[in-house]
Amino acid sequence: MRALSILGSTGSIGLSTLDVVRQHPDRFKIVGLAEGHDVNMLAEQIREFNPSIVSVRDAGSAELLKTLLGTDLPEICHGIEGAGTVAAAEGSDMVVSAIVGAAGLTPTVKAIKAGKDIALANKETLVVAGQLVSDLVKKHNVRLLPVDSEHSAIFQSLQGHRQEDVERIILTASGGPFRNSSFADMEKAGPEQALKHPQWSMGAKITIDSASMMNKGLEVIEAHWLFNMPAEKIGVVVHPQSIIHSMVEYIDGCVIAQLGSPDMRAPIAYALSWPERCESGIKKLDLATIGTLTFEEPDMVRFPALRLAFDALKAGRTYPAVLNAANEVAVAAFLNNKIGFTAIAETVDKTMQAHEAYTPVELEEYINADGWARRAANAIIG
């Protein structure tokens, strides 16, 4: 029986994780839940899964939750501190890190320091503070298991092989809703068009990141830290069908890939059950029905966010944290109709150019870089 705490339980990844848990009551139990936006849904989850500790966004949400639940309450915390308390709570042996954005960093660090294995869906944790997190994982002897479909695919394709035999890893990208759009059309696109992902059902922020290809850029940085790969050995290919989730090319010219239906429950189930496997509930793959798998080079002129992410990875220091924070601010501004779609990457670019990078050591230094970038990006947006 694996005891789990889920950070971001009411989001897309959290809901998919609970669906996997629901299928295997003999294998998984829920110890803690943390959410930020939907207290009513959290109340339903508490009734079903009976966690011993939960966290909500703020004190007002905590009072609302108490009212909704009545008697027989779990321990209730709130804020980022509360999420960290859930992450480090006794009784769990794995934490699913699925809070959106850099807000997931501090609770994930607390979970690692508490000796919890991490099922990582929050890619920003490694984008913002990859060196710090990697060092902590080694120091506390915990496992960091990828939940992103691409990184799960790489992880699976590396099993049983030597690191020195790897030529490169290849992340696949759907291309998003604007794969065939001109730059001029993207300049005019609003949130409604950008939120129409052709393959995946995800939250708003990651869907916009997929449309700009910033999501793939963040995944490149995440892959660097997860698999100890330099930028030169990380490739990206556009694969519109989203059936091949990523690949590993070896020095003998052979390529090993992981295929499956585009459903996040599969990589979640693999992370939760590793080194075993368990039923995920996804639709079985029928290649004859799919018929054709196609591939294209990514266009970094129309999608400069991907180039900016590679630039940030190569430059290192605080640039990845600044890239991520500026992007979070710009995506929020786009979703609120304050800027156009192509202004997202422009805002990130200008913020990175204005940044005087340094080499962070402590968590606070990473957080300071994040805060600086948010202020700078907001000033650029106006």
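Positions of Cβ are set from backbone N, Cα and C atoms, glycine also.
Features of the protein shown, as given by Swiss-Prot:
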| type | residues | note |
| --- | --- | --- |
| BINDING | Thr10, Gly11, Ser12, Ile13, Gly36, Asn122, Glu124, Gly203 | NADPH binding site |
| BINDING | Lys123, Ser149, Glu150, Ser174, His197, Ser210, Asn215, Lys216, Glu219 | 1-deoxy-D-xylulose 5-phosphate binding site |
| BINDING | Asp148, Glu150, Glu219 | Mn(2+) binding site |
Exercise for the section: Would you mind listing, in sequence order, the residues at least six apart from Thr10 (NADPH binding site) in the same chain with a Cβ closer than 8 Å to its Cβ? Expected result: Glu35, Gly36, His37, Asp38, Met41, Leu42, Gln45
Exercise for the section: With a 10 Å radius around each C-beta, find which of these binding-site residues (Gly11, Gly36, Gly203) has the fewest other C-beta atoms nearby. Expected result: Gly203
Problem - Inter-residue Cα distance where the pair is Asn122 (NADPH binding site) and Glu150 (1-deoxy-D-xylulose 5-phosphate binding site), in Å - result: 13
Handout entry: Pairwise Cα distance for Glu124 (NADPH binding site)/Glu219 (1-deoxy-D-xylulose 5-phosphate binding site) [Å, integer]
Key = 9
Handout entry: Beyond the site residues Asp148, Glu150, Glu219: chain residues whose C-beta lies within 8 Å of the centroid, for Mn(2+)
Key = Lys123, Pro146, Ser149, His151, Ser152, Leu171, Asn215, Lys216, Glu222, Ala223, Ser246
Fill in the blank from the handout: CA pair His197 (1-deoxy-D-xylulose 5-phosphate binding site) / Gly203 (NADPH binding site), Å rounded to integer, equals 10
Practice task
Taking the Cβ of Lys123 (1-deoxy-D-xylulose 5-phosphate binding site) as the reference point, list residues of the same chain whose Cβ is under 8 angstroms away and which are at least six residues distant in sequence.
Solution key: Asp148, Leu218, Glu219, Ile221, Glu222
Practice task
Return the maximum Cα to Cα distance in Å (whole number) over the record's 1-deoxy-D-xylulose 5-phosphate-binding residues: Lys123, Ser149, Glu150, Ser174, His197, Ser210, Asn215, Lys216, Glu219.
Solution key: 19
Exercise for the section: Would you mind reading off the Cα separation of Gly203 (NADPH binding site) from Asn215 (1-deoxy-D-xylulose 5-phosphate binding site), to the nearest angstrom? Expected result: 12
